[in-house]
């Protein structure tokens, strides 16, 4: 019995667990993109953002990081798969219960330049298609690029920072606004064509899709990712994310989805969410993170414990 246990132990130690972790991580990331229906352009954008990832890597042993990083990425993947359905259930519930005491369509439409129509001055067929792609993927792709890249920097702290600053905190925090304020999309209020060319099953589906504009969550998600990306060292990543996230924000105006005030409100909302996330992580790492967990990283890489508890 003792010999068999020793043999099993030696067999386990002889395996290349780092390679197994890398393969498992790549598969999980592939599944994330598959569920999201990513186009080849999405994958190219991700690969470009990963080019300088070593610049921001922290000193953590891969095997130790994978024990935490892969399950954490799996949790994010699970919520990503179920989150869209949950969001639409909430939106339908809000529509059916109609708890909007404030109706802002007329007020917003009366404010000069608030429709964002000036963004259409540079409209071309090519730009129309490009902005549709940017908008359609922008709600989740900007977040996933940052989470995946933070995974390859071997930083649990950064993974949590991006995730919490994104949908995990923004969804519950933004719901009171959407339940109180009824504001429809610009094109719908002004009886213009839908530049996203969406097809709705019925009138109720259309009404659910075009409400909940204030604040713009496309803007808040992308701007939060932009703010966090600026903290990284890699210039390639910062340049790409500033460009891409700015394009997402611009697309909401160009496609006549959100009002200009929605966009500014979304940026303020994102700033507040990022600061709240910083506070949660700072307090959590100091008061809630077990000492054994810190020592687990400290044993092999001293700088890792500094990164995780900073």
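Cβ atoms are placed via backbone N, Cα and C, with glycine included.
Caution: TrEMBL annotation is automatic and unverified by curators.
Because the structure is a prediction, the values reported are computed rather than measured.
Some features that TrEMBL has for this protein:
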TRANSMEM  65-88  transmembrane segment
TRANSMEM  134-152  transmembrane segment
TRANSMEM  164-187  transmembrane segment
DOMAIN    205-276  domain 'Phosphatidic acid phosphatase type 2/haloperoxidase'
TRANSMEM  207-230  transmembrane segment
TRANSMEM  242-261  transmembrane segment
TRANSMEM  267-285  transmembrane segment
Q) When you scan the chain for residues with a C-beta under 8 Å from the transmembrane segment (164-187), skipping those not six or more beyond its ends, what do you find? A) 79, 83, 87, 90-91, 94, 99-105, 108, 115-116, 140, 143, 146-147, 193-195, 210-215, 217, 220-221, 224-225, 227-228, 255-259, 262, 269-270, 273-274, 276-277, 280-281
Q) Looking only at the domain 'Phosphatidic acid phosphatase type 2/haloperoxidase' (205-276), what are its DSSP counts of helix, strand and coil residues? A) 56 helix, 0 strand, 16 coil
**Q.** For the domain 'Phosphatidic acid phosphatase type 2/haloperoxidase' (205-276), the mean pLDDT of the predicted model
**A.** 95
